[in-house]
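These notes concern the structure reproduced below.
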């Protein structure tokens, strides 16, 4: 077990904002990152960027002071998922996720793989229902539950397996906090500041609404990454959240 970056080497942020990076060019991504302050947000690296640029890109972001949510949504047989989660922990990321639909044995194996990392283990989060999915999409998969009901079923399984929380839509957050308690972390994509384009998300909410709903961490992408002044945009979002708290 070799941690590449300890939390003590990175900036401390109390912001719930996680900026979702979405770049095809590594230099463009780093150019954007160099415009913002790690005290104002964390960063999310997904499948495309990790496939293009690899673990070294994550290390470069960490060296700039950022906590990293490695959003790879592992979904495999238990042993493979466990090894993947342990590899993410070795990389020193702040958060990593798996698909709850992988089942209880897979999620339990992933959680157990993090035990050797102790306090340096990343948060382990499960994905419930992707925010782009509607009831008709679930019906195509043979799921007759609504997105909200199916997400709650998967969230209950996630908590039973001892994970730290779930990725869910902001609309589900109020219910989830009531059912699963304050310590069960809720991570929400589809967050758009007032006036932003909805993009490819179907179930969206503003940062202020998300905070009021009980969201712990909110992923915000293009409204920040495509801003002419991303640092100021982040500061404005954080200021509005502080006023709403």
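Keep in mind that glycine also has a Cβ here, set from the backbone N, Cα and C atoms.
Swiss-Prot lists 22, 44, 71-80, 131, 192, 201, 221-222 with the feature substrate binding site. The active site, proton donor annotation in Swiss-Prot covers 73.
Annotated features taken from Swiss-Prot, shown on the structure.
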| residue | record | CB count, 10 Å |
| --- | --- | --- |
| 22 | substrate binding site | 15 |
| 72 | substrate binding site | 18 |
| 73 | active site, proton donor | 17 |
| 75 | substrate binding site | 17 |
| 78 | substrate binding site | 18 |
| 131 | substrate binding site | 26 |
| 221 | substrate binding site | 21 |
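Put simply, residue 131 (substrate binding site) is 14 Å from the residue listed as 'active site, proton donor' when counted between their Cα atoms.
DSSP gives residue 78 (substrate binding site) a helix state.
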